[in-house]
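Now, the feature entries from TrEMBL:
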| type | residues | note |
| --- | --- | --- |
| TRANSMEM | 37-55 | transmembrane segment |
| TRANSMEM | 61-81 | transmembrane segment |
| TRANSMEM | 93-112 | transmembrane segment |
| TRANSMEM | 118-134 | transmembrane segment |
| TRANSMEM | 171-194 | transmembrane segment |
| TRANSMEM | 226-245 | transmembrane segment |
| DOMAIN | 237-362 | domain 'Integral membrane bound transporter' |
| TRANSMEM | 274-291 | transmembrane segment |
| TRANSMEM | 297-315 | transmembrane segment |
| TRANSMEM | 322-347 | transmembrane segment |
| TRANSMEM | 353-370 | transmembrane segment |
Amino acid sequence: MPCCTAMISARQHARRHGESHVLRQATSDAKRMTRSVTALGTFTEACATMAAAVASMACAWAAAPGSGAPVMAVVLAISLSRSQLDKDMRGRLEAAIVLPLVGLVALAVGMLLHRWPWIGAIVFTAGMALAIWLRRFGPMARRAGSLIALPFVTLLTVPHVHAIGTHGMPGFLIPILVALIALFWVTATHMLVLRLHGKRPDDDEYPPVTPTQSPGSPGLPASTRMAIQMAVALAAAFVVGFVFFPERWSWVVLTAFIVNIGNRGRIDVVHKSGMRVLGATMGTLFALVLSHQAMPSPPMTTAIILASLFMGIWLRPFGYAWWALFITIALALLQGFQGGAPIALLLLRLEEIAIGAIIGVMAAWFVLPVRSTDVVRRRIANALAALAEALDPATEHRQARAFDDAMDELALVAPPFRLARALTRHRRAKRPADWADTLLDGRDLADTLIARQLTPAKVRQAVGVARKSLREPDGLQEALLHLRQTLEAELSAAPPSDIIDRA
């Protein structure tokens, strides 16, 4: 009898060991496949975005020949495509109504910046701060804030191009027309991509999980603090730009805006500023090479600009420095080298970018700062809340969409912390990068569990323990490791064939 018991125990151990090996192999294969799909997905999105931008540019040029309207159309198309405001019918209707109206306001602000720069700067700063502050009032207000910001961003690029030729069309109608053209083509290309992937345009709509309140310290809402930070950064950038760089002030303002928009904490702003300066430096070197060659013809210049934008959009998810590199090349070619020697202008632009980055970092670091660790904890809390809901037996339709979206948001804040971890390995301290990576490593396991409609009690208990540990970060890493191990153990108990099929 003891021999039989030992044999049975040995067989069970071997079976579990084999299933664990299959699970690890399937998970590894799934991760490699996910990386491949991500690269292909970003390439497809970049193609769709550039198709919308080129179509918008062509239509805008046909409606209002000149460089102003086409440039505005391209900037709006790229910004709209990245914002994903057109992903459902409600968003498309809101954009169709709000965007032209905001375009008119932006046109007025542009006129103020041209005629009365200081007044225009005040209105511009107030408009951008308002767009960020509105985020605190829910999804609809957040979308309205995004729509408000889009036309204002174009003002930092369009003022340097030639005046828009109206050819009989009232000037105030051009921003409205350009906004509607860009919205139409972005919507059309996005719907086409969805249909090519076998989805209906509104398939991605689902009830969102209510975000968990940040476990950080009480005080002003994060949106209010970020709005104040943006206002301070833009005000300082306008002052420095108008006083020291009156001809090219927009580079200082644009950089201060870029490094502060989407502020995910102080470390994120520092990381983004560094990537912005690094990418701009590489872009400046490339532009210097072009400046020493015979300048290409206007059609060739346009093609290089569009190619640079495509590469920047495609590679941006893999590193912000890529976006900064290619956008620097595109803007250098767009704005040209009039007014001085090319090398002097390019070095001046690099100096302005560095100053704008410093202004952005100073505002984020000293003006009502948002703690980066609190941001990571909030993203982890949101992901765990979504996972708990997806594993709740009482949930009628258990899906991984909300969980995957929350994990995507967590992945966005991880890179700066990974860099900080690499630079401070000699210090024994809690590392938010470890928290994020541990939870992200268990993503495929959790997705498989949700896809199989399993709700194991041990996993739900581990999720609850991890959520409670958010209030005491010293135990968070251990709780997240336990959660991942529990996920693996529960899936190891399933037949290997099911695991392979799901992977």
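Using the three backbone atoms N, Cα and C, a Cβ is placed for every residue, glycine included.
Curation does not apply to TrEMBL; its annotations are automatic.
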Provide the three-state DSSP residue tally for the domain 'Integral membrane bound transporter' (237-362): helix first, then strand, then coil.
103 helix, 0 strand, 23 coil
Take a look at 37-55, 93-112, 171-194 and tell me which one has the most Cβ pairs under 8 Å to the transmembrane segment (118-134).
93-112
Which listed stretch (61-81, 93-112, 171-194) has the most C-beta pairs under 8 A with the transmembrane segment (37-55)?
171-194
